[in-house]
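Annotated in TrEMBL:
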type	residues	note
DOMAIN	A:314-345	domain '4Fe-4S ferredoxin-type'
DOMAIN	A:378-408	domain '4Fe-4S ferredoxin-type'
TRANSMEM	A:6-21	transmembrane segment
TRANSMEM	A:65-89	transmembrane segment
TRANSMEM	A:109-130	transmembrane segment
TRANSMEM	A:151-173	transmembrane segment
TRANSMEM	A:222-240	transmembrane segment
Amino acid sequence: MDIFQQILFVAALAAAIWYITKRVRLITRAIKLGRPEDRTDNAGERMRVMLLVAFGQKKMFTKPLVGVMHFVIYAGFLIINIEILEIILDGILGTHRLFAPYITPVYPILIDVFEVLAFGVLAVCVAFLCRRFITRVNRLQASRHRELRGWPVSDATIILSAEIFLMIAFLTWNASDSVLRDRGVGHYGELQGIVPDFLVSQYFKPFFTGFSDTALIAYERAAWWLHILGILAFAVYVTYSKHLHIALGFPNVYFSDLQPKGEMQNMPEITKEVQLALGLPLTTEPDGSQENDNGQQPAEIGRFGAKDVYDLKWINLMNAYSCTECGRCTAACPANITGKKLSPRKIMMDTRDRMEDIQRGWQTQGNDFKDDKSLLGDYITAEELNACTTCQACINACPVNINPLDIILQLRRYRVMEESQAPASWNAMFSNIENNMAPWKFSPSDRFNWADQVNESQSK
Amino acid sequence: MADMAAAGEEPEILFWVGCAGSFDDRYKRVTIAFVRILNHVGIKFAVLGPEEACTGDPARRAGNEFLFQMQAVSNIQVLNGYNVKKIVTACPHCFNTLKNEYPELGGKYEVIHHSQFLQGLINEGRVRVKDGQSFKGRRITFHDSCYLGRANKIYEAPREVLAALDADLVEMKRGRANGLCCGAGGGQYFKEPEPGNKDVNVERVEEALGTGADMIAVACPFCMTMMSDGVKNKNREDSVRVYDIAELIAQKEGL
């Protein structure tokens, strides 16, 4: 490989790394808009959950067929990184199949594995495109789910097509390389006896037999470049795409909720208000409000509940970036199943859209960008929020432990406590609880009336 | 409870009746059935009676955290005042709130759902289930309550209780962790549903009827109402009955 190609490659690699770093910084900054929350407790349990759910793909296998298909892509992605390492080193050093002479007996086995996985990825991506556009899996249809209209469908199609393209480039690159080696052309010939034909690409060789040596070298170079530039471009693209879940899925699972799903998170700032209202001694909460000991007012609290992404917790925001829009949450949501506007997937996509709008604002109008919009109202409507039964089916369904309910609850809290905007019948329920200690308008003194019937009917 | 405390006695267990168990005419029958079982096996229990108040579950889930904590803190004062250690309740919403949400506010108790409690009684042989009504040949399907199942991973206890009846248990397509909500949770019970194609309880009842069951067993007051309304909506109230697992055990026991 000539020095010109080496320089070009290093430049391309550096540009990709520079750009990805920039994107990662921007996304990190967006996630840090959220309020702090400690999710570092119980490291052992967190590690266990991450190994099981993220590395082990446990929840994907609740749908076994899709689980296996997704696993092929996942394993292909993880393992093909070894091949990419060789390609990158070859690109920098101007070598060809750098690892081959050093690990001779293992090398062909490795490449065979990569090729089988590459073929698997190719086949599964075709199957996934069929599921979207031919068999039309309900949860992936934009006609049924408004949050998918426009960009999300294009995004999914681009990803699947790009993966197919990258795998074809990889397999035909190996095939053209094998033909050049067989013919003993230049440095390709040096690998004769070291690198044999590979498991999958050997079947692509007949396609190249009619090529002249020059044409073959041109194809081999073009395929190599397209493959690696494609991967670099894909890595940049991922930071703009729902496909970011390939990176954030892992930390997202590690930092996911460990408490029982039915437990709604406490609001310590309210505890203080309640203790003051009831004339009780203030307790210091382990999580946050410890400044109360000396009787001083704690630092000013924000609002009760969340109106915008700034009021949510950072994990809610990381959740949004980890969502791959598969819609299992929405497919399990009783409100959505029965035709209500709520879609847990849309809650997550809206949260991410809001952050991306803020990011764009930073880039065009500077770092102290603020607009008049907010997540609640401009992105998520009250009708959606009010439809939630808090049944936790969405949390249960999510393969990467995203919690849409937590966002719904925080937005509800804002509507009820800051805006007093609950539906009228909820307000009636609230006042019943407040006045009668029950959600219905019964006298508390009648609470024990049932007891009269215990003995009466038993003696019958 | 106040009477027991005045007499210097301590109950083995506090039965948390819940608002539905105290006021809802249908669920009062469940309360009574469960109390008869407790009396039958001779457990020394107490109830708070007029001193009990809503746990605050619907308020919290609707977003009114302030009201929830007012209820929680007052309830905890009462419970701690009586030195309560162990609570059993027939309402999964009370169960979840008392078990998972009260500890952080200073209320730490051992909380048991009545399905677990009944399962314990059956396992220990204290409930023998053979005297009363026969359930042979009846098809029963169990509807998982979200706050019992997904929220607290209690799937088997109610099923084991039903298994003691000698009936045919049939499962719905969406069961256990994938169970479909009855549509009442999160404060929905207390307001009209948002516009949609159909109500959640109708969807769920269609699924239950699809199993061919003539009985739908529930373990939650909200599921009870929602399933019963759904059965009425389908005009099947003459052929399909909705029962709480405690009622079925009481019937089987001839109580």
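Positions of Cβ are set from backbone N, Cα and C atoms, glycine also.
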Model confidence over the domain '4Fe-4S ferredoxin-type' (A:378-408) (mean pLDDT, whole number): 97
Residues in the domain '4Fe-4S ferredoxin-type' (A:378-408) grouped by DSSP into helix, strand and remaining coil: 17 helix, 1 strand, 13 coil
Long-range Cβ neighbours of the transmembrane segment (A:109-130) (under 8 Å; 6 or more residues past either end): 69-70, 72-73, 75-77, 79-80, 82-83, 103, 157, 160-161, 163-164, 167-168, 170-171, 174, 195, 198-201
